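Take a look at the structure below.
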Amino acid sequence: MYRVGFGYDVHKIDKPVKTGNTCIVLCGVSVPCEYKVIAHSDGDVALHALVDALLGAACIEGANDIGMLFPDTDEKWRGKSSSYFVEHVVTLIQRAGYVVNNADLTIVCETPRIQQYKSEMQQQVADLLCVRKEQINVKATTTEKLGFEGRKEGIAAYAIVSLTKIRP
């Protein structure tokens, strides 16, 4: 059986109070940026969207979205790496008998520019999902300066995942 899941996430971004080197974490990769993400965890919108896509595809009772498993009201998730969230969810879907066929992620932002980091992002996501890099696509787009992304008020990501049930 094949299953498909879709995920979306958004976080506010803001100029840091102190000047200096800042980064935004995207797909588990630190990308230099003049903005910081306002979030409870590390704010990796791409991995958060991926977690929701994985959970949506697997339809595991009691764990159908990121907020159920890792609520932002729980202090134990404050500053937590989103890679941990993906690893935990991969364990859940593997226990449920699923493997990942492929994942496609789109990051929507005016900043940072991610072209030079895409290959590293693909590899990081592939490693987290226990698949080959060729099974992962990461791309970015802007909104042509429209909306909150265009005004550099936030960053968003979409993810779609295909799973195959290999055992009951």
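Glycine residues also receive a Cβ, built from the backbone N, Cα and C atoms like all the rest.
For reference, Swiss-Prot has these:
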- Asp9, His11, His48: divalent metal cation binding site (BINDING)
- 9-11, 40-41, 65-67, 70-74, 141-144, Phe148, Arg151: 4-CDP-2-C-methyl-D-erythritol 2-phosphate binding site (BINDING)
- His40: site 'Transition state stabilizer' (SITE)
- Thr142: site 'Transition state stabilizer' (SITE)
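Here the binding-site residues are His11, His40, His48, Arg151, and the one ringed by the most other CB atoms within 10 angstroms is His48. In this structure, the binding-site residues under consideration are Asp9, Asp74, and the one with the smallest number of other Cβ atoms within 10 Å of its Cβ is Asp74. When Cβ atoms from all protein chains are considered, those within 10 Å of Thr142 (site 'Transition state stabilizer') total 13, not counting its own.
Each of Val10, Ala39, Gly43, Asp44, Val45, Ala46, Leu47, Ala49, Ile155, Ala156, Ala157 belongs to the same chain as Asp9, His11, His48, is absent from that list, and has a C-beta within 8 angstroms of the C-beta centroid marking the divalent metal cation site. Cβ neighbour count for Pro71 (4-CDP-2-C-methyl-D-erythritol 2-phosphate binding site) (all protein chains, 10 Å cutoff from its Cβ): 11. Proximity to His48 (divalent metal cation binding site), judged by a C-alpha distance within 10 Å, picks out none of the recorded positions Pro71, Asp74, Thr142, Thr143. If you compare Cα positions, Arg151 (4-CDP-2-C-methyl-D-erythritol 2-phosphate binding site) sits closest to Thr142 out of the recorded positions Asp9, His11, Thr142.
Sequence-distant contacts of Ile66 (4-CDP-2-C-methyl-D-erythritol 2-phosphate binding site), defined as residues of its own chain at least six apart whose C-beta falls under 8 angstroms from its C-beta, comprise Gly7, Asp9, His48, Val51, Asp52, Leu55, Phe85.
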